[in-house]
Amino acid sequence: MRSVHPWPSKQEDQDHMKRRAKALELADASGLMPPSPLLSADESKAYTRELHTVNVAMWANLTICVAKMVTYTISGSNAMLAEAVHSLGDVLNQAFLRTGIMKSHRAPTALHPYGYHRDKFIWSLIAAVGIFCIGAGVNIVQGLNALFAEKQLDFLRANLAVLGVSGIVEGYSLWVAVRSVNQGAQAAGLTFREFVKRGMDPTSIAVMMEDAAAVAGLFLAGISTWLAHSTGQSFYDAIGTISVGALLGLTALFLVQKNRQLLLGRAMNQKDTDKVLKYLAEDPVIRAVYDHKSEEIGPGIYRFKAEIDFSGEAIVSRHMDRLGREQLYEQVDTALTFGDAKYKNLNLILKAYGKDMMGALGAEIDRIETGIQKLVPGIRHIDLEADRGRHRPNESGAQVYSQVYLTASSGNSTSTIPSGAY
């Protein structure tokens, strides 16, 4: 009996996996591990967009930092020093973000078979902590010290000129970041707010938040510098410094919380989850889905697992349609005509048919996985586990009502929906 699918033997499969693991280990140990291949044009665009956003922000803040430090040296403005420290912190943070982009695209290894996508979350978290410590912490301490130190401020025009130029440069960097986030939201089919809320692109969002805080900080620094010069009270300069630090602290806390959620491994959004469950419920070889889980392993990249009650009758019927029912019937009839050898021949036929059925089940799982990935391209890894009947009641003539369990998007409740209800 011919098999529907030419499957490799168990030994061949094991040898292949060993060779692959060895090659990955050698490449990783030698430092020659290539970057992970970009699987689509959209991913290539996203990668280029993220790098461009970070590079623009890095060079903009480096230029601004130098200008602010020179102005602080001349004028002695604490608000200007706070802004210089702010810009220096932004440069370092954007260097962290760039490192995260590069590291997250490394190819999978034997030690990390799902890849390094979460590296982007780690470096984004480091950048957020950097904003909090360098930006917020230093500025608030500097501002508190300035409250108790009377200091004559000079060179108002130079201060305001540097702040104005910095505002233009930071504004351009913010525009680039906002455009990048907006393009990412459109590619993901989400609104701008939903995209930011879910943290789909932590790198561009971090740059956007930093630049927005920078523009607002420049505005506060400008007002406080002008008030300090107009009134002759350095108190206003100190208040401006503290305000910039508080603004950076709130920005850092927002980014820390978002990256914490991503590192913990969030579930796929409910809209895409419902799409997959509906697809599974309507598949002809699936009776029920008793359990499903998903985890975000990278920005918009997911791993999906489901426990499936496959319909053996449907799989056999589809397999026999592909194979040809008459061929099987003829083989069985022929085996039964051999007298004493009929049971031996029938046993061989059943064993061969059982082997074919394993291939048929594998082919059905491959088909289902391909359909899921077409439906939700962000799902990279799919694990479909065959339920062994422990969730099903005894089928002694009783009708089985298949059900698909959908976990509500909020709370701990679980709703039960009949598979034919879609």
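Think of each number as a place in line: the chain as shown, counted from 1.
Quick reminder: no glycine exception, Cβ is built from N, Cα and C everywhere.
The transmembrane segment annotation in TrEMBL falls on one of the ranges 50-72, 234-256, namely 234-256. Across 121-140, 160-178, 234-256, stretch 234-256 shows the highest tally of CB pairs under 8 A with the transmembrane segment (205-228). Outside the transmembrane segment (160-178), and at least 6 residues removed from its termini, the chain residues within Cβ reach (under 8 Å) are 52-53, 56-57, 60-61, 63-64, 67-68, 71, 80, 83, 87, 204, 207-208, 211-212, 214-215, 218-219, 221-222, 225-226.
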